Amino acid sequence: MSKMDRTYASPSFQNLTAITTNSSDHFGSSSSPSPTSISTGGSRSVKIIPLEHPSTSAPGSGSGSGSGSVVAKWKARMKRMTWKEWIELFFPCYRWMSTYKVREYLQPDLMAGITVGVMLVPQSMSYAKLAGLQPIYGLYSGFIPIFVYTIFGSSRQLAIGPVALTSLLVSNVLSSIVEPSDKLYTELAILLALMVGILECTMALLRLGWLIRFISHSVISGFTTASAFVIALSEAKYFLGYEIERSSKIIPLVKSIISGAHKFSWPPFVMGSLMLAILLTMKHLGKTRKYLRFMRAAGPLTAVVLGTAFVKIYHPPSISLVGDIPQGLPKFSVPKQFGHIKSLVPTTALITGVAILESVGIAKALAAKNGYELDSNQELFGLGLANICGSFFSIYPTTGSFSRSAVNHESGAKTGLSGLVMGIIMGCALLFLTPVFEYIPQCALAAIVISAVIGLVDYDEAKFLWRVDKKDFLLWTITCMTTLLLGIEIGVLVGVGVSLAFVIHESANPHIAVLGRLPGTTIYRNTQQYPEAYTYNGIVIVRIDAPIYFANTSYIKDKLREYEIEKEESKGRGPEVSRIYFVILEMAPVTYIDSSAVQALKELHQEYKSRDIQLAISNPNRDVLLTLAKAGVVDLIGKEWYFVRVHDAVQICLQHVQRLTEFPKAQDFLAENKPSLFQRLLNQRKDEFFQPELESGVRESLLSKDTNPQLEPLMSKKT
């Protein structure tokens, strides 16, 4: 163990510190972090762990080395990849196809595919109506994308296709441009699918999926809850028997429903209510009883079959029907109307955000439950490619469905084969069943949509947020109410804006704690969390629990000034002094420090120096320490004032505080410019008192001969 003897003088007296070492190395520059013996004053010494200072000229410390190392790692990885890994990179389906166990996987995959396929057919028509499109476009959207995603998507249980929220977004933006009955409406919906797919693929290739992390779960929950009410009211026209205004705001919808109440028709209301009751009952039974879980998926088909049978038998004139649906598979056609791209950009970004948050989130959860890894960017690429390819076959934007994915998982789906089965069922429906779909009641499709969106009303999340975090509950409420009153786009923008404002506020006002020593230990913790922790007179220990950068430097400096002034006399132990002489910054939680923070630290050091206060740094990480070294802060403060532990810093500072109490007229020596005399007094100081008495916080005079058996020394008298 290397030993270094260092004599410390109080920082209150500049230029009085005489430093002597057994070698020419700076403090803490030894090759191993072994404890170092440091002598302070006469023969008394303490053991501290030397801090390793990284070299600013070491390889990899340059500013341009980061990007170079990333490129080098990428090249090395590409060279190591085998032909199998290359196939898996471009065709993720190869991962489950190459390990497919026919006896174990085939039956559950077929059953899950058939179950969800039967559920998808009526749902896709219902969601197309919600989007303002003919039902056939919903069937198209549930056909081609499934096959593309099965090949290029990485999730084995995610069921993609039309969903309620995306359908509402499509209806909201397109209805403000053109009437749904116009052919342009359909062409813009197809163009929107192409734009969504391109944006998703671009983000996947650039690995930008992390951007959506700035939209908090509270915003999404509030947004989907409000959207559920808007969707349900939009579908109410099929229950009431008369047209209502198309809007994404709740007040115009309610006004339209009330103003047309005189046109109310009983037959569609009764049939729709019965269908809704059947759907909700079957969904509840499917969720609560495992042996009846097939009923959850069979609900939409049951509603369609019962409604169609009733219409075929009784021919009620007041119940509107779906009408003629073209038979056959979709034909290849290139999207048109590129002149409207600019007006569709905001909705494209919004739909893409929903796709990432919902689809990728669901896919990750299902992957974890089924024991395989999932790449978020690959998943996003698969969704984007499904939309791009589908747009050439007349689809509108699709994404992963929460309800169908859950049913697919619960039905035992093991691989993407279940998705292929769904696509085959949808293809059979397009080829053979469209003549039957002509007699489906519109109120039955509306009931399917309403039963699906009821699950989007996340009141459990609201109760949880109210109980756990009032700030997140406020965010949930703001997003929900803004979406209801001002519309979908504004609701999301306001929610995201408020969410970012909360993040910025927390970042600009980080948590800062004053640390105290836990009795009987050398551990230092927040004095507010541990009231029994005690501090030392003349020393304040501060922990900054956040990165330090330009936005929070002013706040941190202000808080440090407050801690310097606010001295808790009731908790302070050790020598009696009238003010703070040392400020120790515990920087273990500080993961990053920028140039503004470095400048602020320099200014803080100068302020402290002018008031005879020494700044000490404890446990900075390598990157932070390297930044401080490059900026000259390490040399400015002094390498001897950087420590591995708070405990080490306190040991040194506490002995300097003792010097102040032993030489009360030391300040006069400084004023008379007699540093040599003061230094000689320090060097001639004899080891008259036991160190445990000082460090245990005994408030009596150090001249007292009394001893306390309950003392907790920082270090032993002899080392």
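The backbone N, Cα and C atoms fix where each Cβ goes, and this holds for glycine too.
Curation does not apply to TrEMBL; its annotations are automatic.
The following features are taken from TrEMBL:
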| type | residues | note |
| --- | --- | --- |
| DOMAIN | 529-653 | domain 'STAS' |
| REGION | 21-43 | region 'Disordered' |
| REGION | 697-719 | region 'Disordered' |
| TRANSMEM | 134-152 | transmembrane segment |
| TRANSMEM | 184-206 | transmembrane segment |
| TRANSMEM | 218-240 | transmembrane segment |
| TRANSMEM | 264-282 | transmembrane segment |
| TRANSMEM | 294-314 | transmembrane segment |
| TRANSMEM | 380-403 | transmembrane segment |
| TRANSMEM | 415-433 | transmembrane segment |
| TRANSMEM | 473-504 | transmembrane segment |
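Here the domain 'STAS' (529-653) has a mean pLDDT of 88 out of 100. Sequence-distant neighbours of the transmembrane segment (380-403) (same chain, 6+ residues past either end, Cβ-Cβ under 8 Å): 92, 123, 128, 131, 133, 137, 140-146, 148-149, 152-155, 158-163, 166-167, 169-170, 186, 189-194, 196-205, 209, 330-335, 351, 354-356, 358-360, 362-363, 452, 455. Recorded stretches compared: 218-240, 294-314, 415-433, 473-504; the one with the most Cβ pairs under 8 Å to the transmembrane segment (134-152) is 415-433. Sequence-distant contacts of the transmembrane segment (473-504), counting only residues of its own chain at least 6 positions beyond either end whose CB sits under 8 Å from a CB of the stretch, comprise 168-169, 172, 214-216, 218-219, 221-223, 225-227, 229-230, 248-251, 346-347, 350, 353, 461-462, 465-466, 551.
Residue counts of the domain 'STAS' (529-653) by helix, strand and coil are 54 helix, 25 strand, 46 coil (DSSP-based).
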